[in-house]
Amino acid sequence: MKLTPYLFGLSALFALGAAAAETADPELLKKGEYLARAGDCVACHTAKGGQPFAGGLPMETPIGTLFSTNITPDRKTGIGDYSFEDFDLAVRHGIAKQGYTLYPAMPYPSYARVTEPDMRALYAYFMQGVAPIEQANKDSAIPWPLSMRLPLTFWRWVFAPEVKDFAPAKDQDPVLARGAYLVDGLGHCGACHTPRGIGMQEKALSAGEGADFLAGSAPLEGWIAKSLRGDQRTGIGSWSEAELVQFLRTGRTNRTAVFGGMSEVVVHSMQYMSDADLTAIARYLKSLPAANPGDQAYAYDEKVSKALYHGDDSKTGAALYVDNCAACHRTDGQGYARVFPALAGNPVVNGDDATSLIHIVLKGDTMPATHQAPSTFTMPPFSWRLNDQQVADVVNFIRTSWGNQAPAVSAEQVAHLRAELDVPPLGQIPDPHALVAPQH
Amino acid sequence: MATTLKPVNAVVVGFGWAGAILAKELTEAGLQVVALERGPHQDTYPDGAYPNTLDELTYNSRGKLFQDLSKSTVTIRHGIDGTALPYRQLSAFLPGNGVGGAGLHWSGVHFRIMPEELRLRSHYEERYGKGFIPEGMTIQDYGVSYEELEPHFDFAEKVFGTSGSAYKVKGQVVGDGNPFAPDRSDNFPLPALKDVHSAHLFRKAAEEVGMHPYAMPAANASGPWTNPYGVQMGPCNFCGFCSGYACYMYSKASPNLNILPALKQSELFELRVNSNVLRVNLDSDGKRATGVTYVDAQGREIVQPADLVIVSAFQFHNVHLMLLSGIGKPYDPRTGEGVVGKNFAYQNMATIKAFFDRDVHTNPFIGTGGGGVAVDDFNSDNFDHGPLGFVGGSPFWVNQAGSKPIRGLTLPPGAPSWGSGWKQAAKDAYTHTLSMDAHGSNMSYRDNYLDLDPTYKDAYGQPLLRMTFDWKENEYKMTRYVTEQMRKIAEAMNPKTIAVHVKNFGDHFNTRAYQTTHLLGGAIMGSDPKTSAVNRYLQSWDVHNVFVIGASAFPQGTGYNPTGLVAALAYWSAKAIREQYLKNPGPLVQA
């Protein structure tokens, strides 16, 4: 009998595939694949359960639903007939091969600073490293007159920066420069984390453009992309560089867990980055000063913890917290390292806008598996168990206990988000099985 | 007409602890592995979703995570001349179903084994003479030593995130663990769980009567843990919903929590659920397995060819599958010949409940499945059996696993069984009671065995497995003696009253009362193909590319819970496959 080591078979297959795909320099393809990871192209250009890069993912925008496009090298429906110049025009300039302006859901204002050598690697990868898939693009569901492409062109003229290869500033630390290149460029972190102006443009596209850069977004799809600036209470001022690297690599640190849209960024993009690049990203982010000039460090306050220990749940929301949250997050709000996030001092909890916190309480969330940390941990939904006032009470309890300080939320805010989200209805015990994607 | 799929390197039948360990080890060796699990997908979430999982009626009373007996069960009789009847309601034992198997709903007690129990027959003959072991008791040696298994016990503890307190590490006394326990190469990965109050009372009383209490080794994490596969556990919060439940705190080790996330990262691994294996297929001369035939979720018959077949279902399913597949000679109790079905054994439990006044608060609702305080003074051969005339022993413990509202009420002897008197007694007793067990060993006998039932069939038209089992003289003697020793601890606590639940001479195996799910043997390991079904590497003597992993390999019972030994044997077998068998497929031991 034969027990061929299967790995050997796989690598042989891979070698065969690469050889068949014309003559691209394998190093260039590898670089392009890595850069495509850094740009997280796959996240938007792949539908749920669809083929990689074949597009079709619906994207909610304030003006309507867009569908991402097929960027596989299929000649009929993808970008197989794109020259490098066509590709570059789309990615860095925001102009489709057919000449119209792309919706800025495609983050070409960020990609404008990607260097040409990197663009050539990306092009090589998309032409030769990606399997062509025939899948026609879907029209966007944006009503006229917003569907007109002409205003987009004006938008592009006004808001998109000049396309120019990134170059470090004179005397810039090379690690910080690399971090700036990745964060401002391919990483397009600002697409979510920078507040947008009246024209939906990001208010700042790099560190040098002011304190709005990465200062946190307004709610989108029921989540807040939090501030990545140095603020202690609401930003990442309390995080170390090592924690940021660990977070981006594994989706978790001793004190926190990734959630919402950032989960996909970690899973599809960040976990593939080299240690050097993650360090560069972290160091650059850590170099952003606090947006709030009066920023003060968080300090733990044990008053609530002691009261709960002594059985005093007289504070509004305390009993709800003990009955629903404390099993995992503990009465001292510290959670358990790497498994259940700390609520005490957590910048998401302390943010001015509590949307993400309310969202998680209502709908729960799952910490995703990553290569280096394959465990998934799920917080169940509480929408069926707590009414709007109870959610507001428990959220307010969390936001004002253990030293946390954040403005109160109202039952109306909870009601609003509940209506927006697809969550198990109040009063009906849900079948938890119905809440998870079927496994095969 | 069966559909035949593309061959794979290895097929794993049953995805509990044994199957998960073998799948992990074989994918690490570069093999493409398909695991076939009879039951559905299940995982910590959603099957242990908080707070829905805290539901005794659904999970324990109605057995949500247990085997569905309407599809397949066993028949049971007390003796070889009796007629066996199907086990139609889960009670005495609770086999698992679905991904994780019984490893998802177990308690978490995670022992090793006493070295002399791996060579039990030789040990007793050496210490007490050849005539000591009674006629008809068919205990044997495992054919593997504690020293050989030690690295695998150690690794399994790290995978499981086991909490405990070591006594001796590398010959040095390092802590307040069990002084009877054998030497270890390393301490437990996590410190022992804290004593609940009733365990604390037990510890104090045991010391008072001169015994040697220690913290039970528990695969319920006492703190956050990241295991060698990079997967993580949360810490136990003593909620008490362990046995019968999936742990919402991610703190009770399970194949789902501790191994599957790492396996999911491997392209070489595929898990197919709702896939009920009917038989292992053999080539024309019956010397080699060609794969397995299973029924999928749609009821289609599928043939999965494979070079290597790992039979790693629950203990009696392993035996059942061997009998249905014609692997090894079926055991005949009349002649004593044959091996498959031989030496079926179990656990021999006794319980003492102590009832206190209202000033002693035992808080029985707090608990953890594997934690507690035990003594080993009357376990294994830690005491002189010579004048006692029986084989075996028992650890004693307070293993307070959290009393639930339906089954958690224990009333003192003489309390009314209904009405306001019952209510008052329940009120008086509930938080002022503790329970301790003598978790005794059960030896194997010539006429306690497994075979195919001549009458009853499962949902697939195959004969059910038949258990022929009853308690023997040795078992009554052992349990009654050790229970008297445990009584000393109970009395040292100065309770108001105690209730002793122990078998009387002549009591039959009662299928209606929960005992444990520690069913053993039937496809036992050993050094002689005439008396064992698998060799010391758990490889079938008859079909060399079939390995049968699980408690089915134990030649007799032990005082300890079986999972620790199952895991160590699984890693031991996997090592032999990886280091010897894959290089040179064939029998690893020449008969």
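The backbone N, Cα and C atoms fix where each Cβ goes, glycine too.
A TrEMBL annotation is a machine prediction, not a hand-curated record.
TrEMBL lists A:C41, A:C44, A:H45 with the feature heme c 1 binding site. Residues or ranges marked as heme c 2 binding site in TrEMBL: A:C189, A:C192, A:H193. The annotation heme c 3 binding site is assigned in TrEMBL to A:C325, A:C328, A:H329. The domain 'Cytochrome c' feature in TrEMBL is assigned to A:27-130, A:174-289, A:312-402. Feature annotation from TrEMBL assigns signal peptide to A:1-20.
Annotated features, which come from TrEMBL, shown on the structure.
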residue: A:C41; record: heme c 1 binding site; Cβ contacts under 8 Å, 6 or more apart: A:F53, A:I71
residue: A:C44; record: heme c 1 binding site; Cβ contacts under 8 Å, 6 or more apart: A:L57, A:M59, A:S68, A:A105
residue: A:H45; record: heme c 1 binding site; Cβ contacts under 8 Å, 6 or more apart: A:P52, A:F53, A:A54, A:G55, A:L57, A:S68, A:T69, A:N70, A:I71
residue: A:C189; record: heme c 2 binding site; Cβ contacts under 8 Å, 6 or more apart: A:V183, A:L214, A:L228
residue: A:C192; record: heme c 2 binding site; Cβ contacts under 8 Å, 6 or more apart: A:S217, A:L220, A:A225, A:G261
residue: A:H193; record: heme c 2 binding site; Cβ contacts under 8 Å, 6 or more apart: A:L214, A:A215, A:G216, A:S217, A:A225, A:K226, A:S227, A:L228
residue: A:C325; record: heme c 3 binding site; Cβ contacts under 8 Å, 6 or more apart: A:L343, A:V394, A:I398
residue: A:C328; record: heme c 3 binding site; Cβ contacts under 8 Å, 6 or more apart: A:G335, A:Y336, A:V339, A:F340, A:M379
residue: A:H329; record: heme c 3 binding site; Cβ contacts under 8 Å, 6 or more apart: A:G335, A:F340, A:P341, A:A342, A:L343
Remaining residues near the recorded heme c 2 site, that is with C-beta within 8 Å of the centroid of the site residues A:C189, A:C192, A:H193: A:H188, A:G190, A:A191, A:T194, A:L214, A:S217, A:A225, A:L228
Shell of the heme c 1 site beyond A:C41, A:C44, A:H45, same chain only (C-beta within 8 angstroms of their C-beta centre): A:G39, A:D40, A:V42, A:A43, A:T46, A:F53, A:G55, A:L57, A:S68, A:I71
Against chain B, in sequence order - binding-site residues A:C44, A:H45, A:C189, A:H193, A:C328, A:H329 with Cβ under 8 Å: A:C328
Composition by DSSP (helix, strand, coil) of residues within the domain 'Cytochrome c' (A:174-289): 53 helix, 6 strand, 57 coil
Mean per-residue pLDDT computed across the domain 'Cytochrome c' (A:174-289): 95
Remaining residues near the recorded heme c 3 site, that is with C-beta within 8 Å of the centroid of the site residues A:C325, A:C328, A:H329: A:Y321, A:N324, A:A326, A:A327, A:R330, A:G335, A:F340, A:L343
Structural state census, the domain 'Cytochrome c' (A:312-402) (DSSP three-state): 36 helix, 8 strand, 47 coil
DSSP-assigned states of the domain 'Cytochrome c' (A:27-130) in counts, ordered helix, strand, coil: 45 helix, 12 strand, 47 coil
